[in-house]
Amino acid sequence: MAVERTLSIIKPDAVGKNHIGEIIARFEKAGLKPVAMKYKHLSQAEAEGFYAEHKERGFFADLVAFMTSGPVVVSALEGENAVLAHREILGATNPKEAAPGTIRADFATSIDENAAHGSDSVASAEREIAYFFAADEIFPRTR
């Protein structure tokens, strides 16, 4: 098995409902270790840049508005098959389709306000982590 990194964003809806600790605890219980973390309020430019691949899609403006509506917690997580493991913990994008016990089933209210973001591939994770964290802000876990 490969040790990977993935990007996780706890979105404004979950932050606003005080689910940060519960969500991070689930990642850690699954063996995903935070190696970088920021609590921040995304600017419009940051949100537009991060979601640039969706710029031509109909939901882009609403997505940017939502992601800038309150603070988020951005983390780089490290662990065995981190991308897939993280996505399994999150559950389906649509919380109505998410398996019971997943983050989106437990904390999300809609496909638009779905509690968290997770990288969809190792390549995406590398790009997304670099978007938010400089190399000197990432600290591999040695203990």
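Backbone N, Cα and C atoms are what each Cβ position is placed from, and that goes for glycine too.
Within 10 Å of the C-beta atom of Asn114 (ATP binding site) sit 23 other C-beta atoms, taking all shown protein chains into account. In the three-state DSSP classification, Asn114 (ATP binding site) falls within coil. Residues annotated as ATP binding site in Swiss-Prot, with sequence analysis given as evidence: Lys11, Phe59, Arg87, Thr93, Arg104, Asn114.
Sequence-distant neighbours of His117 (active site, pros-phosphohistidine intermediate): residues of the same chain at least 6 apart with a C-beta under 8 Å from its C-beta are Leu7, Ser8, Ile9, Lys11. According to Swiss-Prot, the active site, pros-phosphohistidine intermediate annotation covers His117.
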